[in-house]
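Participant: This structure is in structure tokens; I'll ask about it shortly.
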Amino acid sequence: MMSWWSSGANTALDEQIEKATSSSLEDIALNLEISDVIRSKTVQPKEAMRSLKKRINHKNPNTQLSALNLTDTCVKNGGAHFLAEIASREFMENLVGLLKAVGPAAPNPDVRNKILDLIQSWAMAAEGRYELSYIGEVYKTLQREGYSFPPKPTVASSMIDSSAPPEWVDSDVCMRCRTAFTFTNRKHHCRNCGNCFDQQCSSKSLPLPHLGIMQAVRVDDGCYAKLTDKGGKSGGSDRKHHSSSRHHHHHHKHKSSSSMQPRDARVDDSFDEDLKRALAMSLEEVKSYSRGHSEPANSTQYKPDKQSTSVSKIAEEEDEDLKAAIAASLADMEEQKKRHAAALKEQTSNVGSSSSAAPFTLPKNDYELTPVEAENINLFATLVDRLQTQPPGTILREPQIQELYDSIGALRPKLARTYGETMSKHDTLLDLHAKLSTVVRYYDRMLEERLSKAYGQHSIGGYNLPAPRQPTGPYPTLDPSAPSAPGAAENFYTGEQQADYSHAPYGQYPPQPPQSQYMPYDRRSSMVGPPNPQYPQQQMPQRTGSWGNAPPAQAPQYNYSGNEVAPSQPGHAQQAQPGAPESAPGAPNNDPNASYYYNPGQPQQQQQQSAQQAPAAAPDHSYPTLPQQGHSYQPSVPQTPASVPVQPSQTPQQAHQRVPPPQQAPQQPYWQHSAAQQTPLPPVWQAPQQTTTYPGYDQEAFPSAPQHAPAPKQPVVEEALIEL
């Protein structure tokens with residue numbers, strides 16, 4: 001028995017089986033390669049069967065179907081040794097177990113039907129063979145159990161017959177030269193016949209494709225001569241003698257004897273038998289259509305010499321007929337082309353006509369190929385390709401090929417006319433395509449013109465201009481929903497709680513443009529004239545009782561960045577000085593609101609008071625006290641010109657009193673301010689509580705106060721109230 005199996009071959013076979021049984025489409029070429037590997041006995045048939053069984057038990061139904069199809073291909077082409085493993089109890093019981101599985105392990109309906117179909121077809125093909133009888137027993141058992149099989153197909157036993165390498169025969173002497181085998185004269189087996197030979201009689205090597213062996217293997221000299229000699233038929237009796245001593249069945253003996261012949265090695269394969277059957281069926285169909293020649297009664301009576309003479313005669317007659325047929329077909333082709341093109345153009349021109357018109361009927365396709373004729377042409381081309389690898393003279397022994405050649409020769413005029421019709425259709429469709437492309441291009445251009453006109457009309461009225469941007473400034477607008485909220489000047493005098501900048505980092509203040517871009521605030525112009533146009537959203541301060549409900553949105557109205565450099569005090573007084581004389585003549589002296597800012601009846605008292613308290617009260621006159629929780633620095637309103645000359649003497653002390661302490665007492669209410677300003681105050685007052693400055697803030701880090709701000713609250717106001 002052969003011993004050239006290896007684990008590497010089994011591993012390669014497993015990989016090929018996994019690739020062939022994937023969930024993708026079936027690969028017929030790979031299936032045939034696997035069957036050739038099994039037939040050539042490169043791997044053990046039991047290992048191949050177990051690999052297929054493992055893939056059949058897969059959970060994926062697509063993989064199971066592919067594995068079943070591969071198993072069927074291997075059964076038909078794998079040889080008798082593989083059929084014995086398929087008919088074993090191990091494989092068949094596995095299929096029956098899949099059929100009887102219930103619950104989650106129940107097979108897919110398609111897989112179940114495929115298993116039943118394969119068991120039925122294998123049982124019918126193996127009928128009459130003792131070594132494959134277990135398949136028939138399983139089939140009958142399933143029938144008795146009530147399984148519904150598909151309709152019985154007609155399967156011949158030759159469907160599972162395939163040529164496989166023969167079993168090796170053991171002998172003590174060379175079966176050709178009768179030399180005994182010794183330690184130096186080794187024993188070798190011929191892969192073609194399986195007999196034992198020594199080195200001298202088996203030194204040749206040949207591939208054996210009829211046995212599924214594609215690589216060159218060892219053969220004896222007799223088999224080498226028979227396989228390579230194209231016309232030699234000698235040695236047939238010896239071949240029969242050896243095969244009869246080796247096989248027990250007449251069928252296997254016949255196969256072994258015929259496999260020695262160069263032509264019979266391929267013709268007697270099951271595939272060639274199927275091909276012969278297909279040829280016969282196609283010829284019968286040709287006869288039914290009465291377009292072919294009649295098949296001879298006995299095709300085996302054709303001799304090579306008669307066949308060659310008939311081929312030459314037919315070729316000569318066909319040349320003259322072919323010339324006449326080609327000339328007639330060309331004339332008909334031109335006429336048919338013109339007629340068909342005119343009919344198509346007429347149909348396209350009458351598209352817009354009424355539906356009651358007679359429908360267009362295509363010309364009769366008298367010269368169109370029938371499916372049977374097209375199949376015969378393809379079959380003839382396939383046979384011609386296969387004859388390239390056959391020994392010479394094979395074409396003479398195949399009368400079916402000659403019959404196909406005769407029937408296809410009569411189809412040449414049809415092919416020519418069909419080609420003409422196709423070309424005319426192609427030209428007409430090209431013309432229609434060109435017209436359609438032109439119409440589409442004109443339509444696109446018209447749409448573009450309409451769109452451009454529509455957009456041009458809209459642009460005339462200026463609708464496509466961008467919307468004007470609202471002027472943005474460094475100060476946010478006041479909330480219009482709170483008209484009674486106090487303004488910036490009122491916050492200054494009412495003493496409302498403001499943000500304390502001592503709790504915020506230095507670099508978090510938003511940068512603002514320089515103060516020189518804005519007009520200085522004039523208290524009299526804000527009271528008499530219209531508001532400054534630089535602040536259109538700011539309302540005039542209203543002295544109402546709702547001063548304590550100022551919204552926090554007003555807090556960042558006058559934010560001053562720490563990066564700004566405050567202008568000097570004299571320069572600020574000079575900026576505010578020109579606006580004061582202009583508004584002084586028109587200032588109403590009898591206005592109670594204006595009396596809050598300056599009292600005409602007490603100018604001398606204020607001047608005298610400021611002259612007496614200039615050394616100590618300079619920080620309070622020039623800057624209001626800032627509470628701890630304020631949100632922004634509020635710019636103070638300008639002061640009357642009467643207090644302007646006092647400012648130069650106050651400048652040196654302002655550098656030390658720039659930032660008031662956060663521990664300062666809260667400011668007094670609004671009405672206390674007005675009472676304190678309208679009544680004379682005693683010159684005695686308390687000194688400032690604390691003059692410490694915060695580290696990291698210098699004089700330039702805070703904005704300078706206007707020079708003529710009204711006098712804020714005095715620390716001794718309570719004494720004045722007590723006197724009142």
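One is the number of the first residue shown, and numbering goes on along the chain from there.
Using N, Cα and C of the backbone, Cβ positions are placed for all residues, glycine too.
Pasting the relevant annotations from Swiss-Prot:
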- 18-150: domain 'VHS' (DOMAIN)
- 168-228: zinc finger (ZN_FING)
- 228-238: compositional bias 'Basic and acidic residues' (COMPBIAS)
- 228-268: region 'Disordered' (REGION)
- 239-256: compositional bias 'Basic residues' (COMPBIAS)
- 270-289: domain 'UIM 1' (DOMAIN)
- 286-312: region 'Disordered' (REGION)
- 296-312: compositional bias 'Polar residues' (COMPBIAS)
- 317-336: domain 'UIM 2' (DOMAIN)
- 462-714: region 'Disordered' (REGION)
- 566-581: compositional bias 'Low complexity' (COMPBIAS)
- 602-619: compositional bias 'Low complexity' (COMPBIAS)
- 625-640: compositional bias 'Polar residues' (COMPBIAS)
- 641-658: compositional bias 'Low complexity' (COMPBIAS)
- 670-679: compositional bias 'Polar residues' (COMPBIAS)
Participant: Looking only at residues six or more beyond either end of the domain 'UIM 2' (317-336), which have a C-beta under 8 A from one in the stretch?
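Facilitator: Those are 363, 409, 412-413, 416-417, 419-421, 424, in sequence order.
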Participant: Note the mean pLDDT of the domain 'UIM 1' (270-289), expressed as a whole number.
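Facilitator: Across the domain 'UIM 1' (270-289), the average pLDDT comes out at 74.
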Participant: For the zinc finger (168-228), jot down how many residues DSSP puts in helix, in strand and in coil.
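Facilitator: Reading the DSSP string over the zinc finger (168-228) gives 11 helix, 18 strand, 32 coil.
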